[in-house]
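Copied over from TrEMBL:
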- 48-71: transmembrane segment (TRANSMEM)
- 83-105: transmembrane segment (TRANSMEM)
- 111-131: transmembrane segment (TRANSMEM)
- 138-155: transmembrane segment (TRANSMEM)
- 175-200: transmembrane segment (TRANSMEM)
- 212-229: transmembrane segment (TRANSMEM)
- 249-282: transmembrane segment (TRANSMEM)
- 303-322: transmembrane segment (TRANSMEM)
Amino acid sequence: MAWNTFESKPTSHWILLTLSSLAMLVAFPASSLLSRVYYSDGGKSKWIISWVAVAGWPIPALVLIPTYFVLGTFPTPLTLKLVSSYVVLGFLTAADNLMYAYGYAYLPASTASLLGSTSLIFCALFGYLLVKNKINASTVNAIILITAAMAIITLDSDSDRYGYVTDRQYALGFMWNILGSLLHGLIFALSELVFIKLLGRRSFHVVLEQQVMVSLFGFLFTTIGLIVNDDFRGMSSEATTFKGGKTSYISVLVWGVVTFQLGVLGGTAVLFLASTVLAGVLNSIRVPLTSIAAVILLNDPMSGFKILSLVITFWGFGSYIYGNYPQSKDSS
């Protein structure tokens, strides 16, 4: 069966799928680690890290333009409703990135990654409320397991707190990370609603169009925040005091821009080259990868309770993927 499946697609398909999968498994964890490195090496601005997450919007645009010629398609006409939806999603994305920035500022990367996995809970809930997606027993089981895993981290919070982080800062980082996951789930459901109500179709170039437009508006909103907060001028002072100097500072920000967009592009490609199931599997695998990489590369604390939380989270992801496999297979 595996050989028949392999032969059913051209070699180029499997090469692209492999590269897309690697992009998800490498770029997303790298982006998370770079966000943490920015703060640990002297960065302080929440707006700068939020800006980095959307400053790479031209990257998917460079991928999108050739698809019009290769696939023989045309750009989707921009109606007032469609543009308005992109503006709203762009604003929510900017707010979401800002919330996650607080998490990386005050929490270890491994903890922030685990807390980010709660977005699955909110994706399921908002998908049920807004898009009328079904919630089955496996989904409920996943929600319970991931909630339990987060409770374990909360009870064991003293074991992974940096010495320079106050109780208030840790609580803020924890709270904003969870709220960021909630908003991420809302954005996911609203994006699906746009496809259903306004576009009526789901194809590779249409998803890329949405990614470009939402990232563009998110970039505009975040840039306004940077200007109002006077953080553009603060970049020069941060660079001079950054560990490793100006070159290291620029490298962290530039690679942060590239890795975040490559991760999103990889996820988009996996979704259409394979299925939502494989995208879900890879998305769940990147949580422990990020945590392990943070322990090895950044010397993040890893207590027994955090390991238990990691195992339970992975179990919850597995339950969700298993329970939604038939539905995802049909929809793909």
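Residue numbering: from 1, along the chain as shown.
Here the Cβ of each residue, glycine as well, is placed from N, Cα and C on the backbone.
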Chain residues in Cβ proximity to the transmembrane segment (303-322) (below 8 Å; excluding those fewer than six residues from its ends, i.e. six or more beyond): 110-111, 114, 117, 120, 124, 138-139, 141-146, 148-150, 152-153, 155-156, 159-160, 277, 280-281, 283-284, 287-288, 291
Recorded stretch, among 48-71, 83-105, 111-131, 138-155, 175-200, maximising Cβ pairs under 8 Å relative to the transmembrane segment (212-229): 83-105
Within-chain partners of the transmembrane segment (48-71) [C-beta distance under 8 Å, separation at least 6 from its ends]: 31, 35, 38-39, 93-94, 97-98, 100-101, 104-105, 204-205, 208-209, 211-212, 215-216, 218-219, 222-223, 225-226, 231, 234-235, 238, 253, 256-258, 260-262, 264-265, 268
